[in-house]
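Novice: Have a look at the structure that comes next, please.
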Amino acid sequence: MHSSADATPANSASLKRITALALPALVVLAAEPMYILVDTAVVGHLGRIPLAALALGGGVMSVAGWIGVVLAYGTTGRVARRFGAGQRTEAVAEGVQGSWLAIIGGVIMIALIQLFAGPLTRALAGDSVEGQAIAADAESWLRIAVFGVPFLLLAMAGQGWMRGVQDTKRPMYIVLSAFIGSAVLAPILVYPVGMGLNGSAVANVIAQMISGGLFIRALATEGVSLKPRWGVVRRQLSLSRDLVIRGGAFQLCFISAAAVAARFGAAALAAHQIGLQLWFFAALALDAVAIAAQALIGAELGGGDIDRAKTTARRIGWIGLGYGTVFAVLVAAGAPFLPGLFSPDPAVGQQATALWPWFIGLLPIAGVVFALDGVFIGAGDVAFMRNMTVLAALIGFLPLIWLTYAFDGGLGGIWAGLAAFMTVRLISLLWRMKSQKWAIAGAERLFALPRHVSGGVVDRLAYQNRRRRRSTSCHTRTWTARILGGLGFASRRRSLPCLPRP
């Protein structure tokens, strides 16, 4: 089924190797936001109310995208470490359990949206006459679009395990098949068929069903058991906690931004939708470097090669800066005509000019931040990322968003909040990179070594023996120590940290 060459990771982290992994990932990452951009352009010609409704509904549905990113990134890191240790079968088995998590999460999302779509959209759109019209359209769109969520999450879990075994080509073919079909179907359903905004939702669901089904088929051909192992599922869910909290900080920021933009009127919200979708497109495209970083860093640390992992991490950071700068130049060149591609409304175009300088200036910063995100996710150092993302949201994005609302700062103020958020993240990631505390080797990142312990490779047998001899001190820690430990802050004591139950 797989050649011996496929059974172990490549032993090089050259620019050529990084590019070979990043380019197919770039196609996959760009396909979804590219479809959303097409969808935005199609719906934009229905008028400002449908476009604003798509912005509101899309903001709520971005929660599903956040869950999908958690699944994909959490799965990639775990799979890559096992793949680097020469354990391909165990690596793919992680993907099976990630797929069961996707199904569970998708069903829960359907139930929640069907119950709360109405109150949620009305709360976000405001009480004005225009806001009520936006809320009604957004609710209708949401109730249809949510049925694609289980398939979306299955596709994200599939991308995660394939990236972990350094196969980024099959996801490219699968995602492109779904994208091409949906991009053709959306304008047909919206206009000739006459479904309007709801046609966009139906096209979304069909695309997600295609991609999710194809990823399940690919998993079935691997020859591993597809049965759920609830212990592994629970462990994956527990280990994804940090990514969930980190993603929750993102979602709180972006939903707050949409709510504030809605209070500046339909034109402002529509312009924010255009800018935000272009930002997401650029972010996901830049994340291609992060995908390569996750696979390579995870494999190198899984194989015990810390020095190679550090070299790869530095190279990844510089590549991210270069890609971000190229994107900034391209966006600056397209500034005069890009907003008009998505909406012919002059009021929308006028509002878009306020956010454009922020958008362009943030792209080089984003290139470095997203690249280093991939390094630390591949290394399993997500507790630090969680803490810094929450901090950046609390001291940067959220205060500026709501100050913008209080002082009528418009879209420029909202995007200044995004700039503060990204700057705090950049500084914290560079500091962590320099400290090298993220570089811990082994098939699993079991725990961070105490400061007085040198070296990075954890002896698995010794770890298992320590699990059998759990110290009673683990059960007598103060509540303060437990809370700090849950937030990812290590104790200063020189004893080994409390270990998870078998």
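Glycine residues also receive a Cβ, built from the backbone N, Cα and C atoms like all the rest.
Unlike curated entries, TrEMBL annotations are predicted automatically.
Sharing the features that TrEMBL gives for it:
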- 20-38: transmembrane segment (TRANSMEM)
- 50-73: transmembrane segment (TRANSMEM)
- 100-120: transmembrane segment (TRANSMEM)
- 140-161: transmembrane segment (TRANSMEM)
- 173-194: transmembrane segment (TRANSMEM)
- 200-220: transmembrane segment (TRANSMEM)
- 243-266: transmembrane segment (TRANSMEM)
- 278-297: transmembrane segment (TRANSMEM)
- 318-338: transmembrane segment (TRANSMEM)
- 358-377: transmembrane segment (TRANSMEM)
- 389-407: transmembrane segment (TRANSMEM)
- 413-431: transmembrane segment (TRANSMEM)
Novice: Do at least three C-beta pairs under 8 angstroms join the transmembrane segment (278-297) to the transmembrane segment (358-377), pairs 6 or more apart in sequence?
Specialist: yes
Novice: Going through 20-38, 50-73, 100-120, 200-220, 358-377 one by one, which has the most CB pairs that fall under 8 Å from the transmembrane segment (140-161)?
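Specialist: Most contacts with the transmembrane segment (140-161): 200-220.
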Novice: State the non-local partners of the transmembrane segment (50-73) in its own chain: residues 6+ outside its ends, Cβ under 8 Å from one of its Cβ atoms.
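Specialist: Cβ under 8 Å, 6 or more out: 36, 39-40, 43-44, 98, 101-102, 105-106, 109, 113, 117, 120-121, 124-125, 133-139, 141-142, 145-146, 149, 152-153, 155-157, 159-160, 163, 196-197, 200-201, 240, 243-244, 247-248, 250-251, 254-255, 258, 261-262, 266, 269-270, 272-273, 276-277, 294, 342-343, 348, 377.
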Novice: Are there residues at least six beyond either end of the transmembrane segment (413-431) with Cβ under 8 Å to its Cβ atoms? List them, or say none.
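Specialist: Residues 253, 257, 260-261, 272, 275, 279, 354-355, 358-359, 361-362, 365-366, 368-369, 372-373, 376, 384-385, 388-389, 391-393, 395-401, 403-404, 407 contact the transmembrane segment (413-431) from elsewhere in the chain.
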